[in-house]
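Student: Mind having a look at this structure? Questions to follow.
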Amino acid sequence: MAKRYFVPPIPSSEITSEGAYLNRRQFMRAAGLTASTSLMGSLSATAHGAPTGGAELEYSQATDNSQGFYTAEKQTPFDDVTAYCNFYEFGTDKGDPERYAHNMTVDPWSIEVTGAVSKPGKLHLEDLLTGFELEERVYRLRCVEAWSMVVPWVGFSLGDLLKRFEPTGKARFVAFETLYKPSEMRGTRSFTSTIDWPYREGLRMDEAMHPLTLMAVGLYGKTLPNQNGAPVRLVVPWKYGFKSIKSIVRIHVLERQPQTTWEMMQPSEYGFYANVNPQVNHPRWSQATERRLPSTLFRPNRIPTRLFNGYEEQVAELYKGMDLSRDY
Ligand SMILES: Nc1nc2c(c(=O)[nH]1)N[C@H]1C(S)=C(S)[C@@H](COP(=O)(O)O)O[C@H]1N2
Ligand SMILES: [Mo]
């Protein structure tokens, strides 16, 4: 049976007796999962092929809108967020990730943190789900292809993670890598793929430490569907979507700017910064407007694109003195 979602790793010895039931509740609370999530529930949802989401997460609600953590804009429905995806490891069609990402093993999982840090090490799936205060953040996501969504993510600030590994004085950039596992990722086996796998992304240290920069472990209150980057992905809401790298297995802190996937493919079209900017057009199309999903041929729902995707107040400071049309 294909495992689509993270199922809490509970020893079967704990699932039988009354005492074990309490243990399981305690485990789930510790794991940031609510007791209403039954292991059986997760399994049967998978067995019936109904992608209704993963395990319930326990989180608080971000309310501090001055930080940009919450937009009251209409949220893009779960079905659109999970069916219209970019995850080239599974194919380049918008529907490919939903069709094929269930083949990806997301449990067990670990992220290795290396480079310019005093305490290099690993984070395991349990650490990601239990070791941080989870918060719901409702962000806009703007793809470079000129469509956008509003997504209620659940996660924690990347800065909280990085601090634990104690970046050194040489830490100026952070590089990220996605899982590369050809046996489970049909898109990476494609002869037409021009991507040099694994998918790579990067941020400047101050961007990485900005409170808006999120490590998401869920959406719509539940663990991430595989097609959206389970079990953990980056979300950088003021940058084009390709910066928001999915299914991260490695974080490398370094002194020099790392190479990134889209930049390597087509440097004239995709830059390292990739800040959303309606005035800097893509060489092949305008970035002045976007289609807000759900969007149809008859109701395209086209809206103006905003500088830094509407997070100017929070992030403009990071780019003071930079020429945004040169450092795109
Ligand atoms: N590993 C990986 N991460 C990725 C991508 C990808 O192809 N592979 N696509 C990116 C692009 S272009 C976008 S717009 C967002 C889309 O996220 P979503 O499918 O969850 O909406 O993921 C980004 N992260
Ligand atoms: Mo994108």
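Just so you know, glycine gets a Cβ as well, placed from its N, Cα and C.
Copying in the features that TrEMBL gives for the protein in this structure:
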BINDING   Tyr88, Glu89, Cys143, Thr178, Asn228, Arg233, Ser244, Ile245, Lys246  Mo-molybdopterin binding site
DOMAIN    105-262  domain 'Oxidoreductase molybdopterin-binding'
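Looking at the shown structure, can you explain where the listed features end up?
Tutor: Within the same chain, the residues at least 6 positions away from Ser244 (Mo-molybdopterin binding site) whose Cβ sits under 8 Å from its Cβ are Leu141, Glu201, Gly229, Arg233, Leu234, Val235, Val236, listed in sequence order.
The predicted model assigns the domain 'Oxidoreductase molybdopterin-binding' (105-262) a mean pLDDT of 97.
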Student: May I ask which of the binding-site residues Cys143, Asn228, Ser244, Lys246 have a CB within less than 6 Å of any atom of ligand 2, listed in sequence order?
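Tutor: With ligand 2 as the reference and 6 Å as the Cβ limit, the list reads Cys143.
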Student: Measuring Cα to Cα across Tyr88, Glu89, Cys143, Thr178, Asn228, Arg233, Ser244, Ile245, Lys246, which the record gives as the Mo-molybdopterin binders, how far apart are the two most distant ones in Å?
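Tutor: Roughly 18 Å, rounded to the nearest whole number.
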Student: Rank the binding-site residues Tyr88, Asn228, Lys246 by the number of other Cβ atoms within 10 Å of each Cβ and report the first-ranked residue.
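Tutor: Selected residue: Lys246.
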Student: Can you tell me how many other Cβ atoms are located within 10 Å of the Cβ belonging to Cys143 (Mo-molybdopterin binding site)?
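Tutor: A 10 Å sphere around the Cβ of Cys143 (Mo-molybdopterin binding site) contains 18 other Cβ atoms.
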Student: With H, G and I counted as helix, E and B as strand and the rest as coil, say where DSSP puts Asn228 (Mo-molybdopterin binding site).
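Tutor: In three-state terms, Asn228 (Mo-molybdopterin binding site) counts as helix.
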